[in-house]
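These features come from TrEMBL:
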COMPBIAS  1-16  compositional bias 'Polar residues'
REGION    1-86  region 'Disordered'
COMPBIAS  55-70  compositional bias 'Basic and acidic residues'
COMPBIAS  71-84  compositional bias 'Basic residues'
DOMAIN    93-151  domain 'CBS'
DOMAIN    160-216  domain 'CBS'
DOMAIN    263-320  domain 'CBS'
Amino acid sequence: MSGNTLRGTPGRNQARGNVPFANSPAAGSNIPRPVLDTQPSETSSSVSASRQKQSKRDEAIRRKMENDLSKKKHLTSRARHTRKAPPGTVLALKPSQALQIKPATTVSEAAQLMAAKREDCVLVTDDDDRIAGIFTAKDLAFRVVGAGHKAANVTIAEIMTKNPLCARTDTSATDALDLMVRKGFRHLPVMDENQDISGVLDITKCFYDAMEKLERAYSSSRKLYDALEGVHSELGSTQPQQIIQYVEALRSKMSGPTLETVLNGIPPTTVSVRTSVKEAAALMKENHTTAVLVQDQGAITGIFTSKDVVLRVIAPGLDPANCSVVRVMTPHPDFAPMDMTIQAALRKMHGKFSRDEDVLLDLG
């Protein structure tokens, strides 16, 4: 234990590994491009229909999983936290209620739970309801499907990340976020002083919440700036310098770096429409990425992610070895230009899809 950060289960030495963020090389040096059609209206209609069809299939899976889980109430519980959030602490970041499962739960059961509850992370608890491990969609893709294991025959205890780092409820929000960035964690469990589970932080949700607050502040300040601009025009008075500096500072923070600044020049991992889910997951593991681009005749036709492995493959009981990615990919993903700001790209992903892998870069 160090400061206000602690391990979930005392006495264990395993730590969560660093999560690499680099994309991986693809065969050849050319990056596949999206299909360009000369009839954009027809293309747009086709894309919309494809996505709607996939969305309906996803919702059907979730409804079935929810119905099945209602018959297995012993399978899971959610940690509840009702205490007030002291300003500046982890609780002020509004950790989500954590899904909890037991180590003996099978991976397929965990996938069904994650699909039904729209989560990509569950906490594993022991008989005393203390944190014993953490299990994510990435773990399922890398350690189960990518390794060739059968999800129905593997328990969570065998592949979970044991003894995860946890934050305490009185840990400062800044320290918790700094830890997540330094370690490459997307999820961070939160425990109270009695080591009871209080919730789990998702760094992407924290960013979206902060982004919305910043945008609201900028909008309000901009209105004040415009109002003062009107006074200046009518009365000839000068603009208060503090207001100008504040609005400009907000605008600068909101613009931020562009997508080009985080690219490393390495092409993304690609698979063909005929690649099996098992092979795609193995490539994800090999190349340290949670998404692969699906191409057909040299053009990008879809994207397939670790979340898709959970929702569209393992939860409904498909065989990863005999299921091709074209059946379970997200068709016709959006592309982002390299000069788009990182914030704008994340806003686009969050607002349009509520997921984090559906917008690609236009590397042309």
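Placed from the backbone N, Cα and C atoms, the Cβ positions cover glycine too.
Mean per-residue pLDDT, taken over the domain 'CBS' (160-216), amounts to 88. Secondary structure of the domain 'CBS' (263-320) per DSSP (helix as H, G, I; strand as E, B; remaining residues coil): 20 helix, 17 strand, 21 coil. Here the domain 'CBS' (93-151) is broken down by DSSP into helix, strand and coil counts: 22 helix, 16 strand, 21 coil.
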